[in-house]
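Database features (TrEMBL):
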BINDING   HIS97, HIS99, GLU103, HIS141  Ni(2+) binding site
BINDING   HIS97, HIS99, GLU103, HIS141  Fe(2+) binding site
SITE      GLU96  site 'May play a role in metal incorporation in vivo'
SITE      ASP102  site 'May play a role in transmitting local conformational changes'
SITE      ARG105  site 'Important to generate the dianion'
Amino acid sequence: MSRLRIFDAAAPDAPLFDSRDGDAIARELQAIGVTFERWQAAQPVAAGASQDEVIAAYKADIDRISAERGFKSVDVISIAPDNPKREELRAKFLDEHFHKEDEVRFFVDGSGLFTLHVEGKVYEIECVKDDLIGVPDGVTHWFDMGPEPRFVAIRFFEQPDGWIGHFTGSDIAQKFPRYEPGSR
Ligand SMILES: [Fe+2]
């Protein structure tokens, strides 16, 4: 289930806020300029669906958010627990970074943990099936897909290289919980 926890950046052991309520999550994130929505497929998406079938199932929402935010393209990323590159893929965005365009992801299936560092607070968001998250450009964050990653997500792009991570060199991500889906 989707979950938001908010911490003081200096106190990773004591969440100030903890909710699994979609409306409450959206409200707290909206206050820092982060979009959180829950979408419904227009038609069922079968396991093993092609990229085109996944995109077709969410076309109305994809078109809406692309028009609102200026996205030019989308793709579908799918990572399974037996992916031979899972450790390498997981490690890629585990440290604090930002991008020069919005990072917008819609979880068609599975889950992942986005953690944002904004003005002395840390916002830890567990995204699951049907969740859309929109992290504005320049917002520092990290992403953990967990040790046995399992998700299918639609990614939105303005520029072909817009998703490149600019790392801050901070070790803050190592002080906060890593993603262990089974324990949550
Ligand atoms: Fe990122």
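Backbone N, Cα and C atoms are what each Cβ position is placed from, and that goes for glycine too.
Note: TrEMBL annotation is automatic and uncurated.
It should be emphasised that the depicted structure is a prediction, and the values quoted were computed from it without experimental measurement.
Listed in sequence order, the recorded positions among GLU96, ASP102, GLU103, ARG105 whose CB lies under 6 angstroms from an atom of ligand 1 come out as GLU103.
Among the recorded positions ARG105, HIS141, the residue whose Cβ has the fewest other Cβ atoms within 10 Å is ARG105. DSSP assigns HIS99 (Ni(2+) binding site) to coil in the three-state reduction, outside any helix or strand. Recorded residues GLU103 (Ni(2+) binding site) and GLU96 (site 'May play a role in metal incorporation in vivo') have their alpha carbons 14 Å apart, per Cα-Cα distance. In sequence order, PHE93, PHE98, VAL135, VAL139, THR140, TRP142, PHE143, GLY165 are the residues of the same chain, not among HIS97, HIS99, GLU103, HIS141, whose CB sits within 8 A of the CB centroid for the Ni(2+) site.
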